[in-house]
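J.: This is the structure, below, for whatever I ask next.
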Amino acid sequence: MTIAFYAGSFDPITNGHLDVLRGSLLLADKVVVAIGVQAQKQSLFSFEERVDLITQVGRDLLNVGPDRLQVISFNNLLIDTAREIGASFLVRGLRDGTDFDYEMQMAGMNGIMAPELQTVFLPASISGRVITSTLVHQIAAMGGDVTHFVPQNVAQALRLKFKF
């Protein structure tokens with residue numbers, strides 16, 4: 001069984017992340033979404049809320065269940081967790097040249113430490129290239145419409161978070 005390992009903060013999951021998940025599901029039998037949990041980093045959504053949002057997206061928009069999409073946490077080196085779960089490859093999304101430069105450096109470092117794990121880059125769709133979780137936070141915090149940038153369940157969760 002091929003297992004794609006897709007790590008990030010997913011705070012919250014965006015349509016750009018959804019693009020990468022769709023592509024990953026085409027390449028692997030199973031995708032493990034690994035949410036990085038760092039005590040010193042303040043998150044808008046709790047780990048449990050992010051798991052629920054991603055699981056709902058998998059079920060409702062991607063039509064996949066826990067046999068194809070699993071959500072876990074990690075707080076160590078990404079490659080260590082990828083090895084622990086038996087990942088076949090790492091998945092990273094690319095929006096622009098800045099992402100490419102950063103992700104190539106990370107892939108190089110990961111490749112030295114874990115040569116058995118290749119990194120597969122998936123380009124964002126044209127509409128997904130402008131989306132960042134940070135911008136989504138800012139728009140939602142000011143009561144703006146984020147429905148173009150996040151799945152419907154996430155837009156609803158943001159409305160509840162920011163009470164608008």
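Cβ atoms here come from the backbone N, Cα and C positions, even for glycine.
Since the structure is predicted, the reported quantities are computational estimates derived from the model, not experimental observations.
Pasting the feature list from Swiss-Prot:
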BINDING   Ser9, Lys41, Leu78, Arg92  substrate binding site
BINDING   Ser9, Phe10, His17, Gly93, Leu94, Arg95, Glu103, Gly128, Arg129, Val130, Ile131, Thr132, Ser133, Thr134  ATP binding site
SITE      His17  site 'Transition state stabilizer'
J.: Between Ile131 (ATP binding site) and Arg92 (substrate binding site), how far is it from one CA atom to the other, in Å?
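T.: Just about 15 Å between their Cα atoms.
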J.: In whole Å, how far does the CA atom of Lys41 (substrate binding site) lie from that of Leu94 (ATP binding site)?
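T.: Cα to Cα, Lys41 (substrate binding site) and Leu94 (ATP binding site) are separated by 23 Å.
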J.: Considering each pair of residues in Ser9, Lys41, Leu78, Arg92, all listed as binding substrate, report the largest CA to CA distance in Å, no decimals.
T.: 21
J.: Going by DSSP, is Ile131 (ATP binding site) part of a helix, a strand, or coil?
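T.: Where Ile131 (ATP binding site) sits, the three-state DSSP reduction gives coil.
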J.: In the structure shown, which of the binding-site residues His17, Lys41, Arg92 has the fewest Cβ neighbours within 10 Å?
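T.: Counting other Cβ atoms within 10 Å of each of the binding-site residues His17, Lys41, Arg92, the minimum falls on Lys41.
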J.: Of the binding-site residues Ser9, Leu78, Arg92, which sits closest to Ser133 (ATP binding site) by Cα distance?
T.: Ser9
J.: Sequence order is fine: just name those binding-site residues in Ser9, Leu78, Arg92 with a Cα within 10 angstroms of Glu103 (ATP binding site).
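T.: Near Glu103 (ATP binding site), where near means Cα within 10 Å, the binding-site residues are Arg92.
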J.: Relative to the Cβ position of Leu94 (ATP binding site), how many further Cβ atoms are located within 10 Å?
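T.: Within a 10 Å radius of the Cβ of Leu94 (ATP binding site) lie 18 other Cβ atoms.
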J.: By CA-CA distance, flag whichever of His17, Leu94, Arg129 among the binding-site residues is nearest to Ser9 (substrate binding site).
T.: His17
J.: Counting all other Cβ atoms within 10 Å across every protein chain shown, which of the binding-site residues Ser9, Ser133 scores highest?
T.: Ser133
